[in-house]
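All remarks here apply to the structure that follows.
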Amino acid sequence: ELSPLSKTGFNTFGVALTAIDALDTLLIMGLDAEFETVRDWVKNGNLHFSSNSDSNVFELTIRALGGLMSAHHLSHDIDDVFLKTATQLAAAMLPAFDRKGLHFTSINFATQQGTYQNANGCIAEAGTLILEWEALEHSLKARRYAGDPHSAAQGDESRLPSWLSTVPLDVASGARFTLNRLHTLGEAYDYGLIPSAVSSEGVTAKHGLVKLGATGDSYYEYLLKHWVHSNRPPGGEVGYLRAMDGVFMHLLSRAESGGLLFLGEASHPLGPDTRLDAKMDHLVCYLPGLLSLGVAVGKIGTLWGEASPAMNRDAVQERLLALELPSNSGHLAVAEELMTTCIAMYDRMPLGLAPEIAIFAAANARVNSSSATFFGDLGVKHSDAHNLLRPETVESLFLLYRATGKQIYRDAGWRIWTKWEAHARVATGGYADINSVLSNEPDLRDKQESFFLAETLKYLFLLFTDDPSVFPLDCYVFNTEAHPLPILGIDVRDCVANSMRAVVGESS
Ligand code: DMJ
């Protein structure tokens, strides 16, 4: 990853992370020469998975495996450069799944040893592996069975490249095992809302907070996206809908009357006496987009309580009233209001960019506001005032623009972009994290995370295209690192063509 101020870099996991994470962004933006440079570098055998240090399995999966799989699909990969490299990466990571509890959170490529890094793991890491591993498994089967992963006829084995047999055919089985352990654990919790810290061995949840910010976020994201990626098998949406019902009943709150709607963090057990912390990570700003994806693609979420028999209409109406939401609110209404809050996290700051964490002035929730500066009902602690060029808000703006066509979402995206241009751009190259959005004179950190190219710039770019052939959301699903993956079991070219026909039909 880039250190833009010192014009150096640091070798995260030893896998050329920025280049691999950015491959599909280069393709999408038409930066063909830069793409070819990276592709040739990979093709010439420069990318090795041999680092003798602990590398995070979740980050490797979402950034490197996801990036390689997306590049494989978008570039057509006729000589298998990316599929082969993804297979080599998977082979090097497989020992991380060699256990009976959750996966090992780290892998040392040199020793091929998995380790569990902290006493507690988290549901976001364990629950966010499945799309990428199943994408690889599906493509390997397709490659082996000449496009038909269900065929028993294997053709002439001797003509298949040897790298195909370096991983088992069910290469995603470890990721599936981990996910099933989590889902089983979820059954013990109301609405399947698991406190985000989990132990490695017995997979029993530790005491902790139910949250959709750091350590919880993408577990909930993949409840929906795994269903979408798997081509929406009947009933597969229930886990996601139940979780969202629980989120609406227990985590949603409104800052003072008429103020911003936000998502707090709840201590377990959930119930009438649940204590809610009025604190929302910028990471939670992926949720408006996720909710709108469920509505637009999954055709779910028109009502609250669809999947939770225990939630009767009276309880829902009472809750909607308490939250000052219209009585017919479904997921999209919540998405749009949360989007307003995420936009306010940018617009209200002196720098026009969001802090890492916001707090809210809310009568019915706890808030620790020592050392915080308030801008109306939204506050920022000085220790949480940094901006890491994160993607979640622009991701949701892209998805909500797709779902509603409202210009306000493009306008907000443009404002955010101009602020990064003004404050984070480094004249000699790159963009840098910002120490505090509370100061009018930004102080920059010597770091540009790989997700800035992989996600933030990609979503901003996609927010401004109306071309119906560009990633119709019923043909592709974006992994949590913004790598588009074709939905499994469809012919993606037919799907895109049908989508385009539908859009032309609508407008003629
Ligand atoms: C990204 O690596 C992914 O979006 C992840 O799910 C959350 N954190 C970063 C971006 O903020």
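Counting begins at 1 with the first residue displayed.
Placed from the backbone N, Cα and C atoms, the Cβ positions cover glycine too.
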Per TrEMBL, cysteine bonded by disulfide to C342 (from C285, C475): C285
Neighbour tally for E392 (active site), based on other Cβ positions within 10 Å of its Cβ: 24
Listed recorded positions with Cβ under 6 Å from ligand 1, out of E59, C285, C342, E356, T480: T480
Nonlocal neighbours by CB distance (under 8 Å) for E59 (active site, proton donor), same chain, sequence gap 6 or more: F13
Nearest recorded site to C285 (disulfide bond) by CA-CA distance, among recorded positions D217, E356, E392, T480: E392
Length of the line joining the Cα atoms of E392 (active site) and E356 (active site, proton donor), in Å: 11
